[in-house]
Amino acid sequence: MAFLEDGNHTAVTEFILVGLTDDPVLKVILFTIILCIYLVTVSGNLSTILLIRVSSQLHHPMYFFLSHLASVDLGYSSSVTPNMLINFLAENNTISYIGCSIQFGSATFFGVLECFLLAVMAYDRFVAICNPLLYSIKMSTQVCVKLVVGSYIGSSLNASFVTVSIFNLLFCGPNKINHFFCDFDPLIELSCSDVSVPVAVTSCSAGLITMITVFVIAVSYTYILITVLKMRSTEGRHKAFSTCTSHLTAVTLFYGTVTFIYVMPKSNYSTDQNKVVSVFYMVVIPMLNPLIYSLRNNEIKGALKRQLGKKIFSQSNILFCKS
């Protein structure tokens, strides 16, 4: 039952997700591709988290933040991808009203948390390169925990506030969401209430978070660039740049796609383009981040080799003892 009588109004009890395509063949192809991407996302991010936890060489603030970023990427992708995979195979792509609110709230929470963590990681690189002698004091365990906990609290408050403001609106039909998940714009289009206040509040909130985090990242890297250019050692410059390249790549990919969807005027792109870009930043980027941070990072590659070496050595000892 998609509608429920509520006084003088008919309230929506479930939504229909239009998805990416109606073509049955294309659905199978997309299901296979996105399933493979999701499996790589889960394995890659879990491996990053476990490697940082078990390797004492990686017990540094930078990797502490990276492990939380991996957790966020895992949660971000999982808030949307499993449901999208089910809808590729299902005939009736419905999601309950409560399910839609949970999906929207989860996606908002992890999206905002990613912004905060990327800003925190930029600040960490700034302190490491510009104030190396004070790094252990400025980025102590206590400070790192406070930064992460603050990011989680801020994201939770924002997600709760935005979700409540949207799902307090009246939805009385139609109930087709022209997207593959419960996103802000498609939901607002379905409301039969006055949406001016929720739209203004949500836009201000998103704009403020984006501006603050981008400002922190931009200022951090401006000081980093100035410091690196003053270095006389070519090796020192190369080492400093190499520690920042991965983070800058992740920042560019994430903020580039988010800006395309939430900052650019809606008249500049179609709904289908919006869907494609959404797939990129919610499904593809969480898969790419572990690769971006590990491929150019000698410490992570070294820790992985040591852990694999220990595993092989212990297994060979077991086989030797048995023989």
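Here the Cβ of each residue, glycine as well, is placed from N, Cα and C on the backbone.
On the 0 to 100 pLDDT scale, the model's mean across the topological domain 'Extracellular' (1-28) is 74. Annotated topological domain 'Extracellular' per Swiss-Prot: 1-28 (among others), in sequence order.
Residues or ranges marked as N-linked glycosylation site in Swiss-Prot (evidence: sequence analysis): N8 (among others).
Here Swiss-Prot flags 29-49 (among others) as transmembrane segment, drawing on sequence analysis.
Counting same-chain residues at least six beyond the ends of the transmembrane segment (58-78), those with a Cβ under 8 angstroms from any Cβ of the stretch are 38, 41-42, 45-46, 48-49, 51-52, 106-107, 110-111, 113-114, 117-118, 120-121, 124-125, 128, 139, 144, 147-148, 243, 282-283, 285-287, 289-290, 293, 299-300, 303. The transmembrane segment annotation in Swiss-Prot covers 58-78 (among others).
Swiss-Prot lists 79-102 (among others) with the feature topological domain 'Extracellular'.
In the three-state DSSP reading, N92 (N-linked glycosylation site) counts as coil. Taking the Cβ of N92 (N-linked glycosylation site) as reference, residues of its chain lying under 8 Å away and at least six apart in sequence are, in sequence order, I16. Swiss-Prot lists N92 (among others) with the feature N-linked glycosylation site.
The Cβ of C100 (disulfide bond) has E14, F15, I177, C182, L187 as same-chain neighbours under 8 Å, each 6 or more residues away in sequence. Residues or ranges marked as disulfide bond by Swiss-Prot on the basis of sequence analysis: C100-C192.
Per Swiss-Prot, the feature transmembrane segment maps to 103-123 (among others). Counting residues 6+ beyond its ends, the transmembrane segment (103-123) has Cβ neighbours under 8 Å at 62, 65-66, 68-69, 72-73, 75-76, 79-80, 83, 95, 147-148, 150-152, 154-156, 158-160, 162-163, 166-167, 181-184, 187, 209-210, 212-213, 216-217, 220-221, 247, 250-251, 254-255, 258, 282 in the same chain.
For 137-157 (among others), the entry in Swiss-Prot reads transmembrane segment, with the evidence type sequence analysis.
Annotated topological domain 'Extracellular' per Swiss-Prot: 158-199 (among others), in sequence order. With a threshold of 8 Å between CB atoms, the same-chain residues lying at least 6 positions outside the topological domain 'Extracellular' (158-199) that come near it are 2-3, 9-12, 14-20, 80, 83-84, 87, 95, 97, 100-101, 103-109, 112, 205, 209, 266, 271, 274-275, 278-279, 282.
For 200-220 (among others), the entry in Swiss-Prot reads transmembrane segment.
Swiss-Prot lists 241-261 (among others) with the feature transmembrane segment.
Under the heading topological domain 'Extracellular', Swiss-Prot lists 262-274 (among others).
Residues or ranges marked as N-linked glycosylation site by Swiss-Prot on the basis of sequence analysis: N268 (among others).
Taken from Swiss-Prot, the feature transmembrane segment covers 275-295 (among others), and the record attributes it to sequence analysis. Away from its own ends, the transmembrane segment (275-295) comes close to residues 20, 34, 37-38, 40-41, 44-45, 47-48, 66, 69-70, 73-74, 76-77, 79-81, 84, 107, 179-181, 183, 246-247, 249-250, 253-254, 257-258, 260-261, 269, 301, 304 of its chain (Cβ-Cβ under 8 Å, at least six residues beyond either end).
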Hey, which bits of the same chain come close to the transmembrane segment (137-157), Cβ under 8 Å, at least six residues off its ends?
61, 64-65, 68, 109-110, 112-113, 116-117, 120, 123-124, 127-128, 131
Would you kindly list the residues that approach the transmembrane segment (241-261) from elsewhere in its chain, counting only those six or more residues past its ends and only Cβ-Cβ distances under 8 Å?
62, 111, 114-115, 118, 121-122, 125, 128-129, 210, 214, 217, 221, 224, 228, 269, 274, 277-278, 280-281, 285, 288-289, 292-293, 296-297
When DSSP states are folded down to helix, strand and coil, where does C100 (disulfide bond) land?
helix
Tertiary contacts of the topological domain 'Extracellular' (79-102) (same chain, 6+ residues out, Cβ under 8 Å)
2, 12-20, 27-28, 30-31, 34-35, 38, 41, 110, 163, 167, 171, 177, 180-182, 187, 282-283
Cβ packing number for C192 (disulfide bond), 10 Å threshold
15
